[in-house]
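Below you'll find the structure, written out as structure tokens, and then a few comments.
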Amino acid sequence: MKETIAYLGMGMWGFSLANLLANNGHRVVGWARNPSLIEQLSTQRQHPAAPHVTIPSNLSFTSSMEEALDGATMIVEGVTSAGMRPVLNQLKSITDLQIPLVITSKGIEQNTGLLLSEIALEIFGKPAAKYLGYLSGPSIASEVLRGCPCSVVISAYDPATLKQIHQAFLTPTFRVYPNSDLKGVALGGALKNVIAIACGISDGFRFGDNAKSGLVTRGLHEIRKFATIMGCRPDTLNGLAGLGDLCTTCFSAFSRNTLFGKMLAEGLTPEQAKTKIGMVVEGVYTALSAHQIATHHKIDMPITTGVYRVLYENLDIQKGIAQLLQRNTKEEYL
């Protein structure tokens, strides 16, 4: 079945998936608030971050959410975590959720500590869980645009919704694996960004691959421990939504979070690094939310805590590294 898809958010990630869905034969209408971006996409048929990509004719664009939703059989969102609530509130003002809503962003809302899926349920109500889906996994936008092989997971509460979303996204090169642990999928995608900042700091100090692999492995342990206490399945974090996404984000030259950490090690302040990158660095905000939740539940997360203290308590990076290296070694548990 071919879908008519409203795609909310036309940043690099949103555009890459909208392009993939259109190339998979679906009619896609991309929505963004920025009128100049929509004008460029519509008239020049180019995305400013990917001018080399040919936009298929069945991918159109609008700055009117009502127009994007007209006739839609599926909604996909690709906005930042900070933009999630206002976009969903706008969506709620137009329609009740009666078709699948696929969340593709990764993060935890500041102040509330809610996952993006939990924001959706708060806005649309618990019955909307039937239509909720979550896509996550190792998926760098530029590689998705090039059609490189990629494996991700799709999670949903309702089996029929899961099947519909799975069929919409699956292509010969975009491998989609079902996973029923939606909360675990969401947490893996959010928390890995914090570990990626730590790995970027390691890169900036040229600590080498051994140190980075140690951070990834111990970081995965932190993510698994956090997710398990939150009621998720530990094996979810061993898969694409956890380990897979963590590896890609920490080792990719295209990762904003890793680049951000590297800039911190090179002497930039967090604000300077964010300005230089020029795009949202989700790990900065997730570090705060994750630290608050971990503190409340008494979860020991030394890497996450270290990143939080560097970003929000002005901890000297060298001192933070020394504190990590001086911790007692105990049973690995992995």
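Please read every residue number as a count from 1 along the shown chain.
Glycine residues also receive a Cβ, built from the backbone N, Cα and C atoms like all the rest.
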From candidates LYS92, LYS106, LYS298, Swiss-Prot puts in the same sn-glycerol 3-phosphate site as GLY137, SER139, LYS192, ASP245, SER255, ARG256, ASN257 the residue LYS106
ARG33, LYS192: which of these binding-site residues has the highest Cβ count within 10 Å of its own Cβ? LYS192
CB contacts for LYS106 (NADPH binding site) [other CB atoms within 10 A, all chains]: 28
Rounded inter-Cα distance in Å - GLY137 (sn-glycerol 3-phosphate binding site), LYS106 (NADPH binding site): 10
Cβ neighbour count within 10 Å of TRP13 (NADPH binding site): 22
Other CB atoms within 10 A, centred on ASN257 (sn-glycerol 3-phosphate binding site): 27
When distances run from the Cα of SER139 (sn-glycerol 3-phosphate binding site) to each of the binding-site residues TRP13, ARG33, LYS106, VAL280, GLU282, the nearest one: TRP13
